[in-house]
Amino acid sequence: MKLILLGAPGAGKGTQATFICQKFGIPQISTGDMLRAAVKAGTPLGLEAKKVMDSGGLVSDDIIIGLVKERITQPDCANGFLFDGFPRTIPQADAMKAAGVKLDLVLEIDVPDEAIIERMSGRRVHVASGRTYHVKFNPPKVAGVDDVTGEPLIQRDDDKEATVLKRLQVYQSQTRPLVDYYAAWAATGDAAAPKYRKIAGTGSVDEITTRALAALA
């Protein structure tokens, strides 16, 4: 099973990716992990990427696609792989198609923006232990206070509503078009096109996992 998981920040992709990878015995591949591994291993592409990153630049799609092609030939990808956060843009998707990277399926986890804002902006964290709460879905016994230590909880900057809105805007402008790209490609009936499936990402984790696995069956 070779698949891409798409969905807005906070849609629950990370949680579902873990279940899917366990179920199919495939690795979860993120560009960040790939870059770090290639730099550490000192591969030609890794050294090229390091040069760009050290100068504060963005690693080009050519380098990323090269890393992807190297990564998916490794033994742990024999049964497939799950791309996490890649491709992010239409040019990356085009480059992947041109490079002949084969995909079986694109799965979109669809969650309305309002639900994502509620989900993310309600998170509260106890910094020292990493314990997380949610003001609505998993509240502490006493509002704003850690159950175990009685110490105050914080809202991370990443979870503040303004930040969440900004991340959603970036998603809508850059990554959301990929959903249409893969849906349109699948609709052409091209044999090389991955299937496109969309599931609702609201409800309990178990309900969403059941939907995800049914979509992949």
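Glycine is no exception: its Cβ is also placed from the backbone N, Cα and C atoms.
Per Swiss-Prot, ATP binding site is recorded for Gly10, Ala11, Gly12, Lys13, Gly14, Thr15, Arg123, Thr132, Tyr133, Gly203, and the stated evidence type is sequence analysis. Look at Swiss-Prot and you will find 30-59 tagged as region 'NMP', backed by sequence analysis. Look at Swiss-Prot and you will find Thr31, Arg36, Gly57, Leu58, Val59, Gly85, Phe86, Pro87, Arg88, Gln92, Arg156, Arg167 tagged as AMP binding site, backed by sequence analysis. The region 'LID' annotation in Swiss-Prot covers 122-159.
Shown on the structure are the features that Swiss-Prot records.
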residue : record           : Cβ within 10 Å
Gly12   : ATP binding site : 21
Gly14   : ATP binding site : 14
Thr31   : AMP binding site : 19
Gly57   : AMP binding site : 10
Val59   : AMP binding site : 17
Phe86   : AMP binding site : 20
Arg88   : AMP binding site : 17
Arg123  : ATP binding site : 21
Tyr133  : ATP binding site : 21
Arg156  : AMP binding site : 13
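The Cβ of Gly10 (ATP binding site) has 24 other Cβ atoms within 10 Å, all protein chains considered. Across the residues annotated as binding AMP (Thr31, Arg36, Gly57, Leu58, Val59, Gly85, Phe86, Pro87, Arg88, Gln92, Arg156, Arg167), the two Cα atoms farthest apart lie 31 Å from each other.
Annotation note: Arg88 (AMP binding site) sits in a coil segment as assigned by DSSP. Distance between Cα atoms for Arg123 (ATP binding site) and Arg156 (AMP binding site): 8 Å, as a whole number.
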